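Shown next, in structure tokens, is the structure this report addresses.
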Ligand SMILES: O=C(CO)[C@H](O)[C@H](O)COP(=O)(O)O
């Protein structure tokens, strides 16, 4: 456990992750409210002389980074990312994840895949014994009906995600539709990830089962953080 103690688990996790960022690093910037705390801390450190380049995983994160004065590059501009800090919606004991409540899982996967190391920041409500979904699935609009039928044939329930601030479906930053696939408890996350991602018309789902070997999870509690996975800084 590491003491920080401000009573906000997401803030504790987000702030702790910023300590792993070193001068000169290219840093993948994930999406969500927990990573926003990391960006707050990075902005403070940049004012104190830290030099980094951020690679944002969403338009929302790019906007937040610019507001905070964090220099940015696109994924096209970098050959490798030193460290990515991102959030998650569910984390199982083998550090397999479900991501994508922010509809950013496709870009998040690209940035994670380009990274030497991945830090996941979350509060303890995200830890679970078994992943259970819903699994966000980004689908090209042309294939909406096809993908929906395929997922239903796999036995789950498909819900087109509605916009909170707009009428109609949520569109991802890539202009695609987001479905939430309610699968129930997921016995084999890797198998389900492959099965969903192999449906023609699917751009990417939110199960991320393949990053545990480069991953550290920082779990924020009220007064401290727990570190799971790779420990060295
Ligand atoms: O996967 C994500 C966005 O696509 C987020 O990282 C995830 O939803 C966690 O968000 P928060 O930190 O706000 O709980």
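Just so it is clear, glycine is given a Cβ too, placed from its N, Cα and C backbone atoms.
Taken from TrEMBL as is:
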BINDING   31, 32, 33, 34, 86, 87, 88, 89, 99, 100, 101, 102, 126  substrate binding site
ACT_SITE  108  active site, proton acceptor
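Where TrEMBL records a feature, it is marked here on the structure.
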residue	record	Cβ within 10 Å
31	substrate binding site	28
33	substrate binding site	14
86	substrate binding site	32
88	substrate binding site	25
99	substrate binding site	28
101	substrate binding site	20
108	active site, proton acceptor	29
126	substrate binding site	22
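When the alpha carbons of residue 88 (substrate binding site) and residue 108 (active site, proton acceptor) are compared, the span between them is 10 angstrom. Ligand 1 lies within reach of 31, 33, 99, 101 from the binding-site residues 31, 33, 99, 101, 126, judged by a C-beta closer than 6 angstroms to any of its atoms. The maximal spread of the substrate binding site, taken as the longest Cα to Cα distance among 31, 32, 33, 34, 86, 87, 88, 89, 99, 100, 101, 102, 126, is 15 Å. Reported as a whole number, the C-alpha separation between residue 31 (substrate binding site) and the residue listed as 'active site, proton acceptor' equals 8 Å. Listed in chain order, the residues near the substrate site other than 31, 32, 33, 34, 86, 87, 88, 89, 99, 100, 101, 102, 126 are 30, 35, 104, 122, each with its Cβ within 8 Å of the site Cβ centroid. Rounded to a whole number, the distance between the Cα atoms of residue 108 (active site, proton acceptor) and residue 86 (substrate binding site) is 8 Å.
Here the Cα atom of residue 126 (substrate binding site) is found 18 Å from that of the residue listed as 'active site, proton acceptor'. Reported as a whole number, the C-alpha separation between the residue listed as 'active site, proton acceptor' and residue 101 (substrate binding site) equals 12 Å.
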